[in-house]
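Reading through the C-alpha cells given below for one structure.
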Amino acid sequence: MQNTFVSKVTKSMGMEEKPKKLVILYASQTGNAIDAAERVGREAERRGCPVSLLSIDDFDPSCLPEQEIVIFLVSTTGQGDNPDSIKVFWKFLLQRNLTQNWLSSVSYAVFGLGDSSYQKYNFVAKKLDKRLSDLGATAIVERGLGDDQHPSGYEGALDPWMPTLWKAIYQKNPKLFPKGPECMTSNTSLMDQPKVQITYHDVDEGALQFSSIPVATKQLKIADFKLLEMQIESTRFILPGKLSGKHPPDCFLKMVKNDPLSKADSGKDVRHFELEAISSSIEYEVGDVVHILPAQDAAAVDAFMKRCNLNPESYIRVEPRDNKENGQSHDLRNTLKVPIRLKTFVELAMDVASASPRRYFFEVMSYFATAEHEKERLQYFASPEGRDDLYEYNQKERRTVLEVLEDFPSVQMPFEWLVQLVPPLKTRAFSISSSHSVHPNQVHLTVSVVSWTTPYKRKRTGLCSSWLAGLDPQKRVLIPAWFQKGSLPSPPPSLPVIVVGPGTGCAPFRGFVEERALQSQSGPTAPLLFFFGCRNEENDFLYRDFWLFHSQKGGVLSEEKGGGFFAAFSRDQPQKIHVQHKMREQSVKIWNLLTEGAAVYVAGSANKMPSDVLLAFEEIVSKEGGVPKEAAARWLRALEKAGKYHVEAWS
C-alpha cells in the first residue's frame, strides 16, 4: 500500500508526464492513522485509482503545490499535540513566506483521529484543515473526525466519510476512477499480493549470521548487547512508520528495585521501579519519558507458532515485495538483510497476544477460511453492516491475534500475510520519576499495573506494566529502552512552579522535587507548589514520606520557601475531595505565584482531571484578579501560548 513518492517528471526533460496519483499522507502515533490511511488507499485502488501512500515525514512539503488531490489522515496525541511524524511538515507550513495562494491548485481532504474525552479533541486535524485553507487549498469534502469514544471507534466516522470522498474526487478528476466511484474490482484479485516476501534459509546459515541470545543471563558480554541491538533494529525496521523506536535502543536497562507503592488490598497495584543502565550511559532531563520494549509471554508465542504451523527454528529474511508490474513501488525500504530465527522475529516484531487485530485482518482471513460458516462470519465482520458487531467482538473484548485465529480454526494464513497484518509489538512510554542529576545511571518509574475486565467478564492485563511488575531484580533481564523529550520541559531553578499531579501523575514531579532539592544545596530556588490527589490516605498515598520530607524544615515543598504540598483524598469522607478543591482553598497562594511569573504543570489521567483543573485555575484568576471568567480564560490561554501552562495526560 505504501508507495514511494516520485516527484513529477516534467515535460521539459523530454519525458512523458506520468499520470497523476491520489496522494494519501498519514501522521500516526499509535498506528490507528496508518490503518485508516491504508484502508482509504485500498478502497481507492479497488476503484482503479493510482495511489501514493506515505507517512507524512517521508513526503517533501515543498512538493505540495505540485499535487492535484491530497488526502490527510492525522491523529491527535495527548492534549492536542502533534504526532512526531508531522512536526517537520507542520513547521514548514507555518513559514511566513508562504503566500495565501501557495496551494491554490491543490484540492485536499482531512480526516482526524482523536478522542472526545480530551479537551482538545482532534485538534491536529482541525488546525491542519485551517492552515491548508489559509494557504489557498480547496477542501473537496468536509473534514471527518473519528472518535475513540464512538461505539465503533474512529471507523464510525470513517465509513460514512469515504463514499462522500469518492464522489468528490470523481467530480474533481473523473480519470482517477475510470469506471466511476462505485465500480470496484473484485477483492480476490488483491489477495495474492502481500506487501512482504519471506525467504527461508538453512538453519546453519542463519545460526552463523544472526543467532539468538538469552535475555536473562548472569554474565552478559558486550557482544551480547550488540547482537540483541542488531536484532531489535532489524526486525523493527521492516514496516517503517509503524513503530516508535525505529533506531537501535539508546541503552539496555536492568531492574534493580521493584517496590509496591499501594497497599495489597487497595484494588490498585502501583509500583516503583528503579532501572539501571548496563550497556551504556543514559541521559535525560526531568519531564522526559522513556519508551520500553516489553517481552511477550513465551507460552503465547509458542501457541501462535503452533496454531500457524510455523517452525520456530527456521531462519528467515523479510523484504518488501516489488509491485512494479502494477505501477507501484512500495515504501518498504528496509529489508531484514541477514537471516533471523523465525521465533525471534515474532517475539520482537509481532504482537500476537496483546493487541487486537484490525478490520482488514478479518477481511484477509475470510479468503483463507475453508469452513463455509467461518468464511461467512468473517465476511460479515469485514463488511460495513458488521462493523458494530466486529467492534463488540474484537476491540471491546481486546481479543488478541492468537485468540481470533483460534476462534477460526479453518483459516491458515501464509506467514507473509501474518507479518503484514499482525499489529507490531510497540514500545510503551512512561514518565520518568527521577532526576538524572541525583541518579546518574538510573531511571525511576511510577507505574500502575494495568488490569481490567471486559464486557464478557474476561480478565485483561497490560502487557508492559505486567511484565515489568513480574521482573525479579535478582535476574539480569535485558530491558530495551529509548529516551525522548516529554511534554513537560525541565524548569530552571529560578522559575516558580505550580504542579498538579493526582495518582501516577505525580511521577514526573518526583523528579522535579529531587532536582530542585539538589539545586537548593548550591543556591536559592524559586517556590514549588504541589497538589497531589489519590483515593485513600492509607491505601494509595504514593511517595508519602518523600513529599512530607521535602515539605518540612525548609524543604523545597515547604511553605517557608513560598511553596507547599497539599493532598486530596477523594474517598476518605462522604463528599469527594479532588485536587481542584484543594487548589481553590489555596487560591491566594496560587494567584500570588502566577503574578510572580510561575509556570503551571499538570499530569495524570486524561478523563476529566485536566479540564477540571483548568476550570479551577480560571475561577482562581477570575476571583483573585477581579476579572470576568472570559478574561481569565483568555489570560490562561496566553499563558499556554507563552509556554508556561503544560499538560501531560493519558487515557
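Positions of Cβ are set from backbone N, Cα and C atoms, glycine also.
TrEMBL lists 28-33, 75-78, 113-122, Asp148 with the feature FMN binding site.
The annotation FAD binding site is assigned in TrEMBL to Arg398, Arg428, Ala429, Phe430, Ser431, Gly462, Leu463, Cys464, Ser465, Trp650. Every protein chain shown contributes to the tally, and the Cβ of Leu463 (FAD binding site) ends up with 21 other Cβ atoms within 10 Å.
If you look up TrEMBL, you'll see Thr504, Ser570, Arg571, Asp612 marked as NADP(+) binding site.
Residues or ranges marked as domain 'Flavodoxin-like' by TrEMBL: 22-166.
What TrEMBL lists as domain 'FAD-binding FR-type' is 248-496.
Neighbours of Asp115 (FMN binding site), defined as other CB atoms within 10 A of its CB across all chains, total 19. The Cα atom of Tyr121 (FMN binding site) lies nearest to that of Ala429, taking the binding-site residues Ala429, Leu463, Ser465, Arg571 as the candidates. Taking Ser75, Ser570, Arg571 as the binding-site residues under consideration, the smallest Cα distance to Ser431 (FAD binding site) is found for Ser75. Calculated from their C-alpha atoms, the gap between Asp612 (NADP(+) binding site) and Tyr118 (FMN binding site) amounts to 12 Å. Around the Cβ of Ser465 (FAD binding site), the same chain contributes Arg428, Val447, Ser448, Val449, Val450, each under 8 angstroms and 6 or more positions distant in sequence. Across the range of the domain 'Flavodoxin-like' (22-166), the DSSP-based residue counts are 57 helix, 34 strand, 54 coil. Averaged across the domain 'FAD-binding FR-type' (248-496), pLDDT for the predicted model comes to 90.
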